[in-house]
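S.K.: Once you've had a glance at the structure underneath, I'll fire off some questions.
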Amino acid sequence: MATGSGSLMWFRKGLRIHDNPALERASGASSFLYPVFVIDPRYMAPDRRAFSPGSSLAGLNRIRFLLESLSDLDSSLRKLGSRLLVLKGDPGEVLVRCLKEWNINKLCFEYDTEPYYQSLDEKLKSFASSAGIETFSPVSHTLFNPADIIEKNGGRPPLSYQSFVKLAGKPLWESSTLNLSISSLPPIGDVGSMEISEVPTIIELGYSDSELNVLQVDETPFRGGESEALKRLKEFLPNKAWVANFEKPKGDPSAFDKPDTTVLSPYLKFGCLSSGYFYQCLNDVYRDVKKHTQPPVSLLGQLLWRDFFYTVAFGTPNFDRMKGNRICKQIPWDERDELLAAWREARTGYPWIDAIMVQLKKWGWMHHLARHCVACFLTRGDLFVHWEKGRDVFERLLIDSDWAINNGNWLWLSCSSFFYQYNRIYSPISFGKKYDPNGNYIRHFLPVLKDMPKEYIYEPWTAPLSVQTKAKCIIGRDYPKTVVGHDSASKECRRKMGEAYALNQRLNGSVSEQDLKNLRRKLEEDRTEEVNPRTMKQKRI
């Protein structure tokens, strides 16, 4: 057991040295500092029942990104005379043992709004309090404290971006000087009988070579870690015109050699980059230019969107599901697993959609407009599959998957909340074509179509057989036929959404499971009548 004052810094997100108030507090006036990361089996252990290599909650791309971020953090800590202490097991149980065995009198960790960590943190705080241990858990993952915004709004989260921005105002720390470096850290004390390990490799976590081959690590251009985040930030900030003119609805979703955005989202997700530091960097650029875009479309506006979703998610029970979620429209989504599988496995027969899903699987990332297209296609645009099913796929495969933002975007894009213009649908054919008429993006991610003439690359089923043969891609054999016809499917989706909206309005949002079953049956009957005019005629008589 160590003697003297000991602090435990628990890392989970916030995997950085710069602008880390929890680490700063932990290292101050302490004889010993224990920087800890706990390998949580629910997040890291292999689950061979999942549809892709990874754990029950995360695909291998995100696990890889996390391990790279931890290795980078460990390297930074070593330069400061410390190191990362990696332990394995249930975080709550492991940390309680650490607090007892290491004679800790100060526990520090970044505040987290996710329900899983909220529950875990309350238990830890309760134990620490009973043991006389000081707890410091600052809000540093977001620009604002979601609880403060909700309190300002009378106890409920603001449900529009505009009202959020008005309530939030400027961060209290905006004019403060952020602590961007630490010169040294207290030494690590005696670790006793606790089993400490280095940052593990993917193989050491229990994954096989064959699973790594499926991952195709070399195809993933984004590496984890604070060093990589700061390098990426440093590369684009000098291009002040690009930063000043950034406008979210614009940008090319087909640009893959050099993505048409910052690709800082995974670094913000894991806290390798401080959102506060990013905020200040953007304001520094804005001060140096004559004019710049404004929220909601500016880069600064994107950071505010992030905080908006965090705030709504924090203040909305059951935010991650349709049932029991007071801000979510109740819609009788189809339960057709074969359509979900076709979408997830990039075999819808629509090259633009399938190429995006291949990029997601291989890179763990795609442009925000590409995400919009595939999310709309799965839900209200073409397949009418439940947004929760698509959310689960994104949650697993995206390296920047963030609980609040991922759920918020799926609620938005399925027109279940926030956005209600369900008649506005992304075409799986014309949308991509306007950015990339030659289909280079499709040719890269779907090499089976690389020799298809550009006239047919977005609709290969329309190519004459002679053209398909010359391109060495016969539709229905080498590349799938379309799972639905877009024109008829989108028309049907609009009809279903209209009926569902009418039901929600009629019942003032209090739609029961039985109400949804009845509507589902009615929609199916109406569709049958539409397909069979004779039946409809007899009914009218």
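Glycine too: its Cβ is placed from the backbone N, Cα and C atoms.
Any TrEMBL annotation is an automated prediction that lacks curation.
I grabbed these lines from TrEMBL:
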{"type": "BINDING", "residues": "261-265, 302-309, 400-402", "note": "FAD binding site"}
{"type": "DOMAIN", "residues": "5-143", "note": "domain 'Photolyase/cryptochrome alpha/beta'"}
{"type": "SITE", "residues": "W333", "note": "site 'Electron transfer via tryptophanyl radical'"}
{"type": "SITE", "residues": "W387", "note": "site 'Electron transfer via tryptophanyl radical'"}
{"type": "SITE", "residues": "W410", "note": "site 'Electron transfer via tryptophanyl radical'"}
S.K.: May I ask for the distance between L303 (FAD binding site) and W387 (site 'Electron transfer via tryptophanyl radical'), taken between their Cα atoms and rounded to an integer number of Å?
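M.R.: Cα of L303 (FAD binding site) to Cα of W387 (site 'Electron transfer via tryptophanyl radical') measures 24 Å after rounding.
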S.K.: Given the recorded sites W333, W387, W410, find the one whose Cα is closest in space to the Cα of S265 (FAD binding site).
M.R.: W410
S.K.: Measuring Cα to Cα, tell me the gap between F309 (FAD binding site) and W410 (site 'Electron transfer via tryptophanyl radical') in whole angstrom.
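M.R.: So the Cα of W410 (site 'Electron transfer via tryptophanyl radical') lies 11 Å away from that of F309 (FAD binding site).
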S.K.: Taking the Cβ of S401 (FAD binding site) as the reference point, list residues of the same chain whose Cβ is under 8 angstroms away and which are at least six residues distant in sequence.
M.R.: A58, R62, K269, F394, E395
S.K.: Express the distance between the Cα positions of V263 (FAD binding site) and W333 (site 'Electron transfer via tryptophanyl radical') as a whole number of Å.
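M.R.: One finds 32 Å between the Cα atoms of these residues.
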S.K.: Nearest to D307 (FAD binding site) in three-dimensional space, by Cα, is which of the recorded sites W333, W387, W410?
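M.R.: The answer is W410.
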S.K.: For W410 (site 'Electron transfer via tryptophanyl radical'), which of these recorded positions sit within 10 Å, Cα to Cα: T261, W305, W333, W387?
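M.R.: Cα within 10 Å of W410 (site 'Electron transfer via tryptophanyl radical'): W387.
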S.K.: Please report how many Å separate the Cα atom of T261 (FAD binding site) from that of W387 (site 'Electron transfer via tryptophanyl radical'), as a whole number.
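M.R.: Rounded to a whole number, the Cα-Cα distance is 25 Å.
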S.K.: Provide, as an integer number of angstrom, the distance between the C-alpha atoms of W305 (FAD binding site) and W333 (site 'Electron transfer via tryptophanyl radical').
M.R.: 27
S.K.: By DSSP assignment, list the helix, strand and coil residue numbers for the domain 'Photolyase/cryptochrome alpha/beta' (5-143), in that order.
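M.R.: Looking at the domain 'Photolyase/cryptochrome alpha/beta' (5-143) with DSSP, the answer is 58 helix, 29 strand, 52 coil.
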S.K.: Once the chains shown are all counted, how many other Cβ atoms turn up within 10 Å of the Cβ of V263 (FAD binding site)?
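M.R.: Its Cβ shell of radius 10 Å holds 18 other Cβ atoms.
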S.K.: Name the residues of the same chain, 6+ apart in sequence, whose Cβ is under 8 Å from the Cβ of W333 (site 'Electron transfer via tryptophanyl radical')?
M.R.: M322, T379, F384, V385, H386, W387
S.K.: Which residue, out of the binding-site residues W305, F309, shows the minimum number of other Cβ atoms inside 10 Å of its Cβ in this structure?
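M.R.: The binding-site residues W305, F309 were compared, and W305 has the fewest Cβ atoms within 10 Å.
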S.K.: Report, as a single number, how many Cβ atoms besides its own are within 10 Å of the Cβ of L303 (FAD binding site).
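M.R.: Within a 10 Å radius of the Cβ of L303 (FAD binding site) lie 20 other Cβ atoms.
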S.K.: Relative to the Cβ position of W387 (site 'Electron transfer via tryptophanyl radical'), how many further Cβ atoms are located within 10 Å?
M.R.: 26
